[in-house]
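Novice: I'd like to ask some things about the structure below.
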Amino acid sequence: MPSNSTKILLLTTLVGGVLVSVSSNSWLGAWMGLEINLMSFIPLMSNVKNMYNTEASLKYFIVQVLASATLIFMVVMKTLTEDLFTFESSTYTPMIICTPLLLKSGAAPLHWWFPGVMEGLSWENCALLMTVQKAAPLMLMSYLIEINAFTLSIILLSTIVGSIGGLNQTSMRKILTYSSINHTGWMLIALTTSESLWMMYFTIYSTLALTVVSAIKLSGTSFINQTMLTNKEATLMKFMMFTSLLSLGGLPPFLGFLPKWIVIQAMITNNLAPLATIVVVTSLITLYYYLKISYSSFLILNTEPKWNLKFHKNETTKNVTAVILSSVSLTGMVICTIITNIN
């Protein structure tokens, strides 16, 4: 694991790679930004003491290199036949360029690497992989994406795979992975509507993902059955974790419902009511497996062990961070509704 100073350097270059990629005026510059981002994330993932971290970093490296090589090959090939800046002359060009970017962002059916990589990472790296690492590929896709059969099939597959894939999972990391795949489908819908809508959805999703990860890390759980083994005095920690999960699932009146609400309205405005119906049903399935985790703890007569004395008293900074993020998740929807009604 790199030291703190190395971590700061790598995180700076990681964000710098994203900024280079999204602000570039050519596809070569965008590809270079993606490579800087990849080369910064790999050392953050790897850990000599943990075999799973090393395996996950190797998997991630191979998949991302495959996607990057495909992207630069496609861009060079198209440049030889067309102009470097305009790709409008061919119907299939957006589809060809978007495919490696979809692989990079982990959208279905190119998601096979995502659960395996997430399972071997620390919670901090899981948060980065679910949020920051999706920003550059999705932003690059926003330049090319349009509503057609290819895009609609990717959206449907992402939402369906993300919802059904998480049903039989017991690992919290894999549940968050499949939820992230489902949210990727929603973000692709937002991309086809407007860039500002996608930015709003991505910002709220990133906030909620960080909230969930900070709450789960604080509780020290990695599997569903461990949520019941937390100390019965740690009521606040349990409340934060479960409400954050429900918010990520999109349960009203939490903050997670707000972007989905706006995306549904945009779909209906664009005459995409059948698609809206399918993605809402799949979103309900994701909400089901979040409720499955939290419902037993919300009951009055729930079972809690008396012999588990694990309690986190010395992690004041982490407690404060989790409480602030959880408060945003809880009250964000209410505040947004009040502001909307006032305007």
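Even glycines carry a Cβ here, placed using N, Cα and C.
Pulled these features from TrEMBL for this protein:
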type: DOMAIN; residues: 24-286; note: domain 'NADH:quinone oxidoreductase/Mrp antiporter transmembrane'
type: TRANSMEM; residues: 60-80; note: transmembrane segment
type: TRANSMEM; residues: 147-168; note: transmembrane segment
type: TRANSMEM; residues: 198-218; note: transmembrane segment
type: TRANSMEM; residues: 239-259; note: transmembrane segment
type: TRANSMEM; residues: 271-291; note: transmembrane segment
type: TRANSMEM; residues: 320-342; note: transmembrane segment
Novice: Could you tell me what the rest of the chain brings near the transmembrane segment (147-168), counting residues at least six beyond its ends with Cβ under 8 Å?
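Specialist: 95, 98, 102, 107-109, 111, 115, 174-175, 177-186, 188-189, 192, 270, 272, 275, 278-279, 282-283, 285-286, 288-289.
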Novice: The transmembrane segment (271-291): which same-chain residues, six or more beyond its ends, come within Cβ distance under 8 Å?
Specialist: 147, 152, 155-156, 159-160, 162-164, 166-167, 169, 175, 178-179, 182, 185-186, 189, 245-246, 248-251, 260, 264
